[in-house]
Structure formats: C-alpha cells, structure tokens
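Taken straight from Swiss-Prot:
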type: BINDING; residues: Cys135, His177, His181; note: Fe cation binding site
type: ACT_SITE; residues: Glu178; note: active site
Amino acid sequence: MAQQDTDQQHTGVLPVDDDGFVIDAEDCEEREAAYRERGTSRPITVVGNPVLHKECKDVTDFGAELEQLVADMFASQRTAEGVGLAANQIGVDLKVFVYDCQDDEGTRHVGVVCNPKLVDLPADRRRLDDSNEGCLSVPTAYAPLARPDYAEVTGQDEKGNPIKVRGTGYFARCLQHETDHLYGYLYIDRLSKRERKDALRQMAENEPRYPVVAND
C-alpha cells in the first residue's frame, strides 16, 4: 500500500492506498484517543427529533468549530459504546460522521467523513447481508436489515480534502447507516411496517444505557 507523496500530505490527513482509498486501519487507538480526549460527550438525539428526519446541511467551513465537533462526536460515540455516529445524532445539522468499527476480518477502522455520498456499485458487487442492525438513536432496538456487504463512500476529511473510504461486512453496514443518517433516514425507515413497529416497541420497553435528548 502506498502513502501519499509528501507534498500531497496535509496535517491530520490519512494516507491512501494504491486505489486511492484512505488507510484508516493504522494507529487506531492513538488516533481515536487524540480525537476523543479533546471532546466533550453530548447526549444522543432519538427517533422523533426533527434533526434526524431531514437532510443535513453540507459542511463548508473546515475550521476550528468543525474540529471541536468531531472531537465531541468521538467522545459521545465512546460514551454510548457505538461504532459510528452522525452529527445530527448529537443535534448538529451538518453532514459529518465519525466511525470506529471493525470489518468482516476483525480489522478496526477509525475515521471522519464530511459530505458523504455512497458510491452506486454494480449488481455483481451487491451481495446482501441481512444481519441485525441497531442505532444509538433507536436505543435498545435491533432488527435484521439487508444491506450490501461492501460499500464505498466519497466525501471530504475534516480538513476539506477529498477522500474515499471502503468497507466490508459490519464496517460496510456502518458506512451505509451513517450516510443514511445525514440524508434524514434511520435504519427503521427501511424496515417493513411490522418490523418498524417491533423496533419501536423494543425501544419503549427498555432504558437506554447512555444519556439521550428527550423529545418534546
């Protein structure tokens, strides 16, 4: 795997492999801690909060405010024991998500994506996996949901540089799930009416294990 040439590197930017995808599986513990330790954990918004049900605004300012938001998101994700978190899940109307997730080989990936877009893959690369899926914004509820077991996302890093991220297995599910969030979709929106009702019942019958924002 080749890193970017020195003159193409920017402070805090991940190197890329020969196919142009970020190398997000190196120094994960150190990078996650560096983000998280600068941040403040915030409560999680839950289904019914308007910020979760509309498309978020594009990130256009890649300065100190975004840097602090990303740090807060990593701190919030750790508190909630999640593997991915979108900005609207802590009440911020911006297209950015963070992740700390393993792929189907158990390899850990850590990173940030702003203004993400899922790449439309050809049919022969869309093998579906119908594993259980959950969401911090639908606490304690799980349901099987078929999604492709490979995903590619394009976007920008927290410095505004173009990036490409790819994942397999659970990490592929995470990339799709978090991108959905930023366009106003929860995973339960992709379920049948019966399955959605059951997920909401699970949520109503159990207490979340992390702080949440109460809906009015």
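Cβ atoms here come from the backbone N, Cα and C positions, even for glycine.
Here the structure is a predicted model, which means the values were calculated and not measured.
Other residues of the chain with a Cβ within 8 Å of the Cβ centroid of Cys135, His177, His181, the Fe cation site, are Gly84, Ala86, Gln89, Leu136, Ser137, Glu178, Asp180, Tyr185, Leu186, Tyr187. The two recorded residues, the residue listed as 'active site' and Cys135 (Fe cation binding site), have Cα atoms 10 Å apart.
For His177 (Fe cation binding site), applying a Cβ distance below 8 Å and a minimum sequence separation of six or more within one chain yields Gly84, Glu133, Cys135, Arg147, Tyr187.
Applying an 8 A CB threshold to same-chain residues 6+ apart, the list for His181 (Fe cation binding site) reads Leu52, Ala86, Asn88, Gln89, Phe97, Ser137. Around Cys135 (Fe cation binding site), taking its Cβ as the centre, 26 other Cβ atoms fall within 10 Å, counting all chains. According to its DSSP assignment, Cys135 (Fe cation binding site) is coil.
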